[in-house]
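One structure below.
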Amino acid sequence: MAEEFITPVYCTGVSAQVQKQRAKELGLGRHENAIKYLGQDYEQLRVHCLQRGALFRDEAFPPVPQSLGFKELGPNSSKTYGIKWKRPTELFSNPQFIVDGATRTDICQGALGDCWLLAAIASLTLNDTLLHRVVPHGQSFQDGYAGIFHFQLWQFGEWVDVVVDDLLPTKDGKLVFVHSAQGNEFWSALLEKAYAKVNGSYEALSGGSTSEGFEDFTGGVTEWYELRKAPSDLYNIILKALERGSLLGCSIDISSILDMEAVTFKKLVKGHAYSVTGAKQVNYQGQMVNLIRMRNPWGEVEWTGAWSDGSSEWNGVDPYMREQLRVKMEDGEFWMSFRDFMREFTRLEICNLTPDALKSQRFRNWNTTLYEGTWRRGSTAGGCRNYPATFWVNPQFKIRLEETDDPDPDDYGGRESGCSFLLALMQKHRRRERRFGRDMETIGFAVYEVPPELMGQPAVHLKRDFFLSNASRARSEQFINLREVSTRFRLPPGEYVVVPSTFEPNKEGDFVLRFFSEKSAGTQELDDQVQANLPDEQVLSEEEIDENFKSLFRQLAGEDMEISVKELRTILNRIISKHKDLRTTGFSLESCRSMVNLMDRDGNGKLGLVEFNILWNRIRNYLSIFRKFDLDKSGSMSAYEMRMAIEFAGFKLNKKLYELIITRYSEPDLAVDFDNFVCCLVRLETMFRFFKTLDTDLDGVVTFDLFKWLQLTMFA
């Protein structure tokens, strides 16, 4: 078969945002109605290729060096020398998608540091229902084969259907990355390729935590346990988690980069992700021993201590039980005692699929809510509580807890009643941005109790003074540079505000905040309503204007008694040059043109006496505000000082408008000069007053025809 080149067409920029919002409203993004990633429709593409007798080649993730990586696996790397992209049909005469069902031994690590991902895939094979949510049925290298396959992944709140071709990186006729112990089986290699596609390259998968894979295969939420301070009932927690299909992974921390994948005396690998695949209590010489089953994604290098493959402890176990536990040699899977597990490993990750309350003795479905947000320099990226001047500008979300948890049958009055909930903060698309030198930011969140005087109020973004005088009630266990930070809380009924942030201010990123509660709870994103509290503007007739001002105007305007754009620029720059305390490069011709257009009521492109009088009074007012909020007296305002100044001037704006304002009016260092400040406030005030004039029925809605819209936007 020839190869078929099909270039996908999909929306970008603003049109993509509009399309995404419409898709959500239509229910797209649920697993049963997954979004077609990059607009690629698996069935349409497959049929298209079959009709033309051509094998699919994916130009959205082509078989080229850039798809391998950008640094260690970049186009000029020695590690990629000799790599050839080949289809399984070129490697084997009888390639198979899945042989005798998917099993843990189908996943063996190759020359890529994505053991965390492979540990997650291995855990996925323990639950056939979960597996086939990710790996759809009906795919093969025989019936209907067209060189195209697809997989479904959870990506930041929505399920996407990802199409790949079956051209895989090989060297000397063997797969370079993940492969199956069953040589001619390819589902795991193709799933790895789909995951590499959504993250931009294979190299982007290097290094990570198993929880990432867990969540992207299930849409669940992961909890972490530091084994040095684990709860006393952790083994029971593990048993329950495995029983209800949760995915589990564990690892050994490293103290230095030299320890990475170092092998211990008893053949455990440091800094390496293992999957937990089973747990069992066995009778050993009359005593019950807790065992735990692990798997190394390498497919080899196994624990050699007590209860390892072939160890003497197995001789003391009933032969039937020994056979049930299927002790095998060198398949990467092994048993060890839970006591040794606690001593040898550092961290355990459990991905709750529902999620369920693992600390409870019975299953409980949690109520879930998901919010998407952004951190933007100068507007919504305020950093953590260590930065009180900017912390308040971070996005804020309110939680209203009303119903307390059901009584715990194992609790004998030792705990006060409270409301359990779990918060999970996830940063988006950071792996995909690695090729641009960006990696995971250090993230976390704080939870504040709303004081009685503010309870029940509509969405109001809490300001700086609140956080200066109130301590957090709870917070994430740590700020850490992982994709997700999650923490379980139990707080009394009441209203609380969650503030997610990066550790340092001005670190940009997109995030998802997920909220899970055992009982129903109200949640909402806090954002100020857009409004302006402006005094009635006194518009004087020419006769009422002060004679001294008239005299000044005659000198400035010249014979035609009107001020042009160039004349306005000369006037304003002459004035501000006398104020040595102001940092400014002067008003540009474009900014003066914008002011004239906004203030020009008769449409002649110039300002008459009355129009100039209005502008003059506004600028004098803006100058006093500017000086008031130039807190460090630097001659300019920071983006955050400007936000307070705008509010003092009478404007309440939401996060999106502040983002736009900072993007348009601040310098690269986020400083706002006086001229930009004036241009911003002139525009805001004029547009608010203009809208108020048109909103005759005071319903907050104005309808424009195309001509009016163009007229407004062209002159704004």
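Heads up, the Cβ atoms here are built off N, Cα and C, so glycines get one too.
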**Message:** Suppose you had to name the range Swiss-Prot annotates as region 'Linker'; which of 81-96, 241-256, 337-352, 529-544 would you pick?
**Reply:** 529-544
**Asked** If you count the other Cβ atoms within 10 Å of each Cβ, which of the binding-site residues Asp600, Asp602, Asp630, Asp632 comes out on top?
**Response** Asp630
**Complete:** Same-chain neighbours of the Ca(2+) 4 site, Cβ within 8 Å of the mean position of the Cβ atoms of Asp630, Asp632, Ser634, Ser636, Glu641 and not counting those residues, run in sequence order as Phe629, Leu631, Lys633, Gly635, Met637, Ser638, Ala671
**Complete:** binding-site residues Asp602, Asn604, Lys606, Asp632 vs His272 (active site), shortest C-alpha separation belongs to Asp632
**Fill in**
From Asn296, Asp602, Glu611, Ser634 (recorded positions), the ones whose CA sits within 10 A of Cys115 (active site) are Asn296
**Local Cβ density at Ser636 (Ca(2+) 4 binding site) - other Cβ atoms counted within 10 Å** = 22
**Request:** Express the predicted model's confidence over the domain 'EF-hand 3' (617-652) as a mean pLDDT, rounded to an integer.
**Result:** 91
**Message:** Please report the distance from the Cα of Asn296 (active site) to the Cα of Asn604 (Ca(2+) 3 binding site), rounded to the nearest angstrom.
**Reply:** 77
